[in-house]
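Notes for the one structure printed next.
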Amino acid sequence: MTNKILEELAAQQCIDTEQAAFIQESQQKAPWSVHWELKTILYLGVLLLNTGLGLLIYLNIDTIGHQVVIALIAAVCAAAFWYAYTHKAPFSYQKVESPSPYFDYIVLLGCFTFLILEGYLQYQYKFFGEKYGLATFIPMVLFFFVAYYFDHIGVLAMAITALGSWLGIAVTPMEIFQNNDFSSARLIYTGIVLGTALCGVAFFTERKNIKKHFTFTYLNFGAHLLFIACLSGLMVLEQEFLFAGLLLVLTLLAIWYARQEKSFYFLIIGVVYAYWGVSYLIFQIDTMRSELVFYYFIFSCIGIIIFLARYKKILNIQDK
């Protein structure tokens, strides 16, 4: 790509051949970035540190003593948040860059150790008694505050997960499928309300220009939760027309947002969940013959492939 641009600039006589050769040589000798590799290693380091501390405590709990363990965890948690507080950049409703390469990981360490501390207190001393809702409400409030105060998207995801747990729903993308009993009408409607609220917060904060870079995180959780709850209602509850109409509205909204933001991800979400719902409705037709089902799969898959192959036109993305 760089060579092509240099050739065009040289052809337009914006630069001469010597300058083009110098730029090309500089590009070839430039150091390559290991930014994401280092971020991955640092995140993995935080997780391994928490895991190692947990195993060390578990294996030596009889000799260490519970009070010492609690004091150690609390000290690590307090030190992490103290460092974050003393080194943070001034608060802003816009995106705030991390003051150091390690800042985000130290904030994450503080949140993880807080969860370990809370879980340890509950397991060993029944600190919250039978009030399990309070045990999820406290970290939820803390994580939302930390996410906005220190501008941390990872902690925001933890806060949304805690919110779902407080309401009785697992809201991470994988747990939505594995750990929820969507045969319960209460859980289905709770999922719809929570998903709608998350999407509403996303659009409201984006319109008000409040931490606009948090929008995707809210929409990602909210959209998946809405679609899964809607499909569950379609399959479980005896209100097919209601949930089929809701699924249609959600699909159109997902495609509309994908066009607005030129987002292939939300286009995929809308198409996949819509295909899932339409396929279910077709299979409910008692007179559907097996050969028609076969042809449906063949032609629908071809249609989706053509649809996605033309995604640039659908999203109005211009080739450069």
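Including glycine, each Cβ sits where the backbone N, Cα and C put it.
The domain 'DUF2157' annotation in TrEMBL covers 8-151. What TrEMBL records for 41-61, 68-85, 105-123, 135-167, 187-204, 216-235, 241-257, 264-282, 294-311 is transmembrane segment.
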Integer average pLDDT (0 to 100) for the domain 'DUF2157' (8-151): 80
May I ask whether the transmembrane segment (294-311) has at least three C-beta pairs under 8 Å with the transmembrane segment (241-257), counting pairs 6 or more apart in sequence? no
Answer yes if the transmembrane segment (105-123) and the transmembrane segment (294-311) have at least three CB pairs under 8 Å among residue pairs 6 or more apart in sequence, and no otherwise. no
Among 41-61, 135-167, 187-204, 294-311, the most Cβ pairs under 8 Å with the transmembrane segment (216-235) come from 187-204
The answer for the transmembrane segment (135-167), taking Cβ pairs under 8 Å and residues 6+ beyond its ends, is 84, 88-89, 91-92, 95-96, 103-104, 107-108, 110-111, 114-115, 118, 122, 128, 190, 194, 198, 211, 213-214, 217-218, 221, 225
